[in-house]
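For reference, TrEMBL has these:
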type	residues	note
TRANSMEM	58-76	transmembrane segment
DOMAIN	102-345	domain 'ABC transporter'
REGION	347-382	region 'Disordered'
COMPBIAS	366-380	compositional bias 'Polar residues'
TRANSMEM	561-578	transmembrane segment
TRANSMEM	590-610	transmembrane segment
TRANSMEM	631-658	transmembrane segment
TRANSMEM	705-724	transmembrane segment
TRANSMEM	744-764	transmembrane segment
TRANSMEM	789-811	transmembrane segment
TRANSMEM	826-848	transmembrane segment
Amino acid sequence: MSQSSLWTIGLLERVTESILRFVESMARSWVDERGHNPLDRFMRADDPGKAFCPSMRVVLIVLLGFFLTTGAVYLTEDQYIKGPLLSDERGVTNATDFPVHIAFRNVGCAISDRADPVLDRVTGEIRPGTLTAILGRSGSGKTTLANLILGRSRKFCDRQYGRVYMNGRPRSLEVILDRVGFVPQDDVLYPELTVEETFRFSAESRLPRTASAAYKDQVLEELLDMLGLRHLRHTRIGSKSIGGLSGGEAKRVSIGIELITQPSILIMDEPTSGLDSAAAYTLIQMLRRVADRGVAVVAVLHQPTTRIYNLLNDTILLRAGRPVYVGRREKVLDYFESLGFRIPDFDSPANITTEPDDSHALSAGLPTSSGSHDPANSSKIDGLVDHRNHVSEEVDDENGDDVPESYYAAGVSPPEFLLDILAGFLKPERAPAKRDDGGSVSLESLWIENGDVDGHWQDIEIGMDRLRREEQSRVERLYASNGSTGVTTSGAFRSIVFADSGLEACDENYPSVFRYWCYILWGLSGEPGDPSYPVRPKQGLFYQVQLWFVSFARITWRRGIFVEAGVISLLASAVGFTRSYNVTWNRRALGGFFISIALTLSGMLAALFNDDIGPVRRAADSGMTLGAYELAMIIFIFFKAIVVAHLFAIVYFSMLYLRRGVWCTSPFSLSYYFEFAHLLHELYMCAHSIGSLICAISDHNLLQAYLMSLAVFICVHTFAFFAPSQNQILEDALMFGRFNSAPLVNFICSLSYVRYFMEAYLLWEPTDDDVVSRNTALRYHGYHERHKSMCYTSLFAIWTFNQAMRFLMFARHNRNVFNSLHDTPLFIIFVSKLIVSFIFAISIMTVVHELPRLRAIFSKARAASSSF
């Protein structure tokens, strides 16, 4: 072996030995004489006995962590905080740019409580630029079909079957919730906001973030003109208890919230319910104009008038969850005539004028739009009513009763005629077919046999194949035009995992429990979203939190903030008056108990009264980020609790001053005042978070929330005020024989946040000359000075836990495919940046704290190396 090789080996041996000596020295110095490692030494508080003097190192960790996180967010242009990075060309689009065609084949829904399916074997399509109505009696499955088309049937169905296609692909509308408008039957609006404020919130939160302020103002003005609400733009929505808009006007506002985003498809659940005929007709006329712009409009209608019926393009007739007719509106009468039904004496629906016409009502003796009627013709309708009542009593009669001639001559409207057929009031004059057992064939079976469902579906498939080709070419053009913006298609990982089968792999290969995780994996493996239907660049979390916060402040102010302030002041006065008589230490704990009762009631009731979950769920269903509302609420309640705490403290000490002549302490100490206000602040936040969590647990059922809140209120105060000492627990354990109940009782009492408040309150109480009585009271309740910081930390931990549980339950109840595809992958990336930033912060602060020890270790290592 050469001399150079021997020298190299010797050098490597010396370096290795030096490294081992350094590691050994580090290991010996890792734990000090007290058994603390560097992290333990760093995290230990400077003075655990004082709540306002926590370790400055922890404060520096938090500040440094948020500083590093902010830098990471802005340097990487985090899409969860700032919004998706997409160009204007793919952002500001209308319905004609991305038309939506919906097809569904043999779709159905079953629930465990019913033997028969709620919906069974429905096949049809929703075409762009058409107004489609779903008609049927109550309980026929109209709303279920609308929710199934929308992709929300998992919330209502225990089992669903069939397939829904979007633009020729087996896909749910939840993939493109930012381009779908859904108007629920009830108008879920904030009554304190005006029409313009409601529309502006929807525009700011749901229009693409690339849209300019001028564009949003233009859309808002056009919407006010189209809905006829310009003269009401500054009018509050109102409710039953406060004045505001009428039912028809509120319904138009509810629809306008969806129209302002220029959706590609609009689905409404009974939009005309509760409206008079004129308001209903005006509303459907407006929807007709929306459909003419290229939007696919679907409306669930209960009892449409002739004028409304004539505005429809397609109709879907359901009876007992099964289809009776699906197709063009002008062909429905011909179909029933082919089944043997006698068509009444009314004009063909294709020739009925869309203007108000009362000729049919006058000929039938019905009230006209002006309220008048012809008594001479009322006997015609009497015959119809008698026939309906008689048939409803003998609905099982195979042939039914003969329909009076007055029914066919009374000018009955086409929708009434169709609804009478669905209700079983009318029978075909010639039976088209018989079952093998001799019974008549149902209308549902006749549609399957005579409606040419298979042939209709073949025509739909031909159209879907054309749509797939057009969509593919459109997407390729969009990606080609955006190649310089960094937009990428699915990567190699996505191709391997999903085998190029797209999102269909999630729906076909995974049950509902794992389907959302499949969508998340899809979003993480490439560009979030569906590459065949690009998502709009919506606002990021930061801007959405601002919108919610401003709305909360405006709503709280208009709901009567002075009334709430007056109630809190009254409670503080009563508690202060009671406390002024409890001067001995063994009774001062009673003052803290009354303070807890007052603020717990205020916080819980505020959470219950302000639980407006309807608009929040509607915003979540429209594709807004789920965490925006919760984060904005946490920030708002944090600042509101500060105001409540200081108001309560000022009134409380003012009452003590009037009774005792001492304000807070004698002499006055500002630090004692702020410490007391801080304690009240944490108490109010804990109470409010528990009320919010109860609302989420009860699924926002007000009665259940009140009962649960009452039970929690009693329990937390019982386990706090009557918390036994260790000796009492050991004595009570004799009742259980050998079973030691002390840990169980202590654990139950530790769950009460009021217990920590009362201990911190009694430790806060200014110390007078009677030190012996104070120490006796502390020993009696089991309180210790060293627990003061722990009480503040426990209150904060309980509040954090309640808020986290509330968010998890809210996300679980309102999650959808859109959030799993677009928001959750971006959220995971953001959380990863947050965790890495705080790890760096802890590492940096630990190294800084350990610098003297590291210098000593390096000195010893250098000395050992030099001696070697």
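Glycine is no exception: its Cβ is also placed from the backbone N, Cα and C atoms.
Within its own chain, the transmembrane segment (561-578) has Cβ neighbours under 8 Å at 590-591, 594-595, 598-599, 601-602, 606, 644, 647-649, 651-656, 659, counting only residues six or more beyond its boundaries. Using the rule of three or more Cβ pairs under 8 Å, pairs at least 6 apart in sequence, the transmembrane segment (705-724) is in contact with the transmembrane segment (744-764).
Tertiary proximity for the transmembrane segment (58-76) is limited to same-chain residues at least six positions away from its ends with a CB under 8 Å from its CB atoms, namely 43, 45, 82, 830, 833-834, 836-838, 840-842, 844-845. Per-residue confidence over the domain 'ABC transporter' (102-345) averages 87 (mean pLDDT, predicted model).
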